[in-house]
């Protein structure tokens, strides 16, 4: 167990270091945005399509949204364990170019790309039909649809796509938004809705969005 812990810490440190070095090298050597994106693959998958339940797919997301997130990580405004250190390795210009590149990549639906859990043999992103139905109603009643139109597929006004995103990630993020100690930046209207929702309701919403293709 101690060996696994050390291995995990080593890999995390390696990713942080590679991100910082890539940022410095890019400024010195003019590395392309595609090459910059390679440093994201360790967590977010090839070209930004995540293959694990706790990491979001960032391929095809609005460039302005990605820029905003990266700059919040870089400034420390958005709490993080690794992303804040990685973001500091990039200039604002590199963040913009990287975000533009990722925005052009094809969205990978995580329902289709779900890997099997080694523990249960079922897909990580397997959804519960009853929770999906409940989440669909909450999508309407909590007015999530006002920003996350088309069942979470819409990216109008730089709203991130949530349809087909990993349900574990969605639930974790909504719990962070609900936790007053986390101080995660979010739209005021979203904060009000999430603050009024129970954990069970948030889980249902996560299942609903994860079920969308």
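Glycine residues also receive a Cβ, built from the backbone N, Cα and C atoms like all the rest.
What TrEMBL annotates here:
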SIGNAL    1-23  signal peptide
DOMAIN    18-106  domain 'Cytochrome c'
BINDING   40, 43, 44, 83  heme c 1 binding site
DOMAIN    130-213  domain 'Cytochrome c'
BINDING   144, 147, 148, 190  heme c 2 binding site
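Recorded features from TrEMBL, shown on the structure.
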residue	record	Cβ contacts under 8 Å, 6 or more apart
40	heme c 1 binding site	48, 58, 98, 102
44	heme c 1 binding site	50, 55, 56, 57, 58
83	heme c 1 binding site	73
144	heme c 2 binding site	138, 152, 193, 205
147	heme c 2 binding site	157, 159, 187, 189, 190
148	heme c 2 binding site	139, 154, 159, 162, 163, 209
- Query: When the pLDDT values for the domain 'Cytochrome c' (130-213) are averaged, what is the result?
  - Reply: 92
- Item | Distance in Å spanning the most remote Cα pair of 40, 43, 44, 83, given for heme c 1 | 11
- Query: Excluding 144, 147, 148, 190, which residues of the same chain place their Cβ within 8 Å of the centroid of the Cβ atoms of the recorded heme c 2 site?
  - Reply: 143, 145, 146, 159, 162, 187, 189, 193
- Chain-mates of 40, 43, 44, 83 with C-beta within 8 Å of site centroid, heme c 1: 41, 42, 55, 58, 86
- Reported in the order helix, strand, coil, what are the DSSP residue counts of the domain 'Cytochrome c' (18-106)? 55 helix, 0 strand, 34 coil
- Sort residue 148 (heme c 2 binding site) into helix, strand or coil using the DSSP assignment. coil
- Task: Please work out the helix, strand and coil residue numbers for the domain 'Cytochrome c' (130-213) from the DSSP assignment.
- Result: 55 helix, 0 strand, 29 coil
